[in-house]
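Here's the structure, in structure tokens; my notes come after.
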Amino acid sequence: MQTFLKGKRVGYWLSEKKIKKLNFQAFAELCRKRGIEVVQLNLSRPIEEQGPLDVIIHKLTDVILEADQNDSQALELVHRFQEYIDAHPETIVLDPLPAIRTLLDRSKSYELIRKIEAYMKDDRICSPPFMELTSLCGDDTMRLLEENGLAFPFICKTRVAHGTNSHEMAIVFNQEGLSAIQPPCVVQNFINHNAVLYKVFVVGESYTVVQRPSLKNFSAGTSDRESIFFNSHNVSKPESSSVLTALDKIEGVFERPSDEVIRELSRALRQALGVSLFGIDIIINNQTGQHAVIDINAFPGYEGVSEFFTDLLNHIASVLQGQSSGVAGAGDVAPLKHSRLLAEQAGGLAAERTCSASPGCCSSMMGQEPPWTPEADMGGVGAGSTAKLPHQRLGCTAGVSPSFQQHCVASLATKASSQ
């Protein structure tokens, strides 16, 4: 057993539904076997009374959204949480609240992806054009759509990327269909991808790719089809069987995602936001073979990730070891160590594939100043050309204070009314 873990304390706050779905008590038991004390936090009490805490794991997405709606109880919970973080910059937070707010806003997360792709300059990546609609469609809507590179058919999603309603989407095929769009929302070009979605589940330096069913191909351009309304969660369930996912035939390119591309995208998001627990939805354009990021999720469900608890514990051990050895200073973003590709083929699960990243594996991301650093756009959580830590704990170095990090993220993060 790694002796440096003994006596460490990990606090967590998850909804009861999330705890049951993940069977998080099993993770707590796994931690205890390694000498780590696990504490379920009660945000209705001062966190100070429940500390000290070396690590906090949370999914406060519901609470943050309620606070943004001026719910007094949620505002108090978020304030109490932030107050503890500000008072204890040594505590590792998985994941920072400003980053979570960015991922809760599809418009902002899509803009971040656009900047990351422009920085990476990788022809294998080309996510669809998007645009935010803040008012009902009017006479100039078509002009705005065209100016932003959008063309029929396109997919319409809620701006908020969390909650039951966030899965309610529509495919619009013509101008008449615009009348049913309810702002605020984000519209995104629909890319044919042979009805296959790849869900990338990231835990620190590890990630697992799981194949899921997705929407079938549709003809490009305007058509007289009526808009299709659907729930993306239902469509992309592992066992989903729907007329929307029934592919008549495979068209054009049918390729697997590149492990290298996924590794660099994951690493770039970790660098830009300082997140450790997130999911990326990727499709492969059946005309070009390019990877397209169509959504990013904070602390997803990790369905199909059999080693989630092991990966999470290893990540916690890694960041705690870095903290205790003094190597967790600014400037280090370790390349992703391995991935597991659990693609569900017609005959069942494909064999697990592991990739160990060498120091040069992500060379295209090294030695360049990314556009999301403060000097470039005030959109990231770094300073100058300094790369941020994979776990990006708030105030993890003397040179980066919590208030400065929050300021740096402000142009991309959704600001809650509690702040």
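Glycine is no exception: its Cβ is also placed from the backbone N, Cα and C atoms.
Reduced to three states, the DSSP call for LYS199 (1D-myo-inositol 1,3,4-trisphosphate binding site) is strand. Residue density at LYS199 (1D-myo-inositol 1,3,4-trisphosphate binding site): 25 other Cβ atoms are found within 10 A of its Cβ, drawing on all protein chains shown. Sequence annotations record features per position, and here Swiss-Prot assigns 1D-myo-inositol 1,3,4-trisphosphate binding site to LYS18, HIS167, LYS199, ASN297 based on similarity to another entry.
Sequence annotations record features per position, and here Swiss-Prot assigns ATP binding site to ARG106, LYS157, 188-199, SER214, SER232, SER236. Long-range Cβ contacts of ARG106 (ATP binding site) within its own chain (separation 6+, distance under 8 Å): LYS157, THR158, ARG159, VAL160, ALA161, VAL186, ASP295. Taken residue by residue with DSSP, ARG106 (ATP binding site) is part of a helix.
Feature annotation from Swiss-Prot assigns Mg(2+) 1 binding site to ASP281, ASP295. Residues within less than 8 Å, Cβ to Cβ, of ASP281 (Mg(2+) 1 binding site) and separated from it by at least 6 positions along the same chain comprise LEU197, TYR198, LYS199, VAL200, VAL293, ILE294, ASP295, ILE296, ASN297.
Around the Cβ of ASN297 (1D-myo-inositol 1,3,4-trisphosphate binding site), a 10 Å sphere holds 22 further Cβ atoms from the protein chains shown. The Mg(2+) 2 binding site annotation in Swiss-Prot covers ASP295, ASN297, and the record cites similarity to another entry as its basis.
Residues or ranges marked as domain 'ATP-grasp' by Swiss-Prot on the basis of sequence analysis: 117-325.
The annotation N6-acetyllysine is assigned in Swiss-Prot to LYS388 (among others).
Residues annotated as phosphoserine in Swiss-Prot: SER401.
According to Swiss-Prot, the feature N6-acetyllysine maps to LYS415 (among others).
Cβ neighbour count for LYS18 (1D-myo-inositol 1,3,4-trisphosphate binding site) (all protein chains, 10 Å cutoff from its Cβ): 16. The record assigns LYS18, HIS167, LYS199, ASN297 to the 1D-myo-inositol 1,3,4-trisphosphate site; their largest pairwise CA distance measures 19 Å. The average per-residue pLDDT of the prediction over the domain 'ATP-grasp' (117-325) is 93, rounded to a whole number. DSSP classifies ASN297 (1D-myo-inositol 1,3,4-trisphosphate binding site) as strand under the three-state reduction. Taking Cβ-Cβ distances under 8 Å and a sequence separation of 6 or more, the neighbours of HIS167 (1D-myo-inositol 1,3,4-trisphosphate binding site) in its chain are ASN231, SER232, HIS233, ASN234. Under the three-state DSSP scheme, ASN192 (ATP binding site) falls in the coil class.
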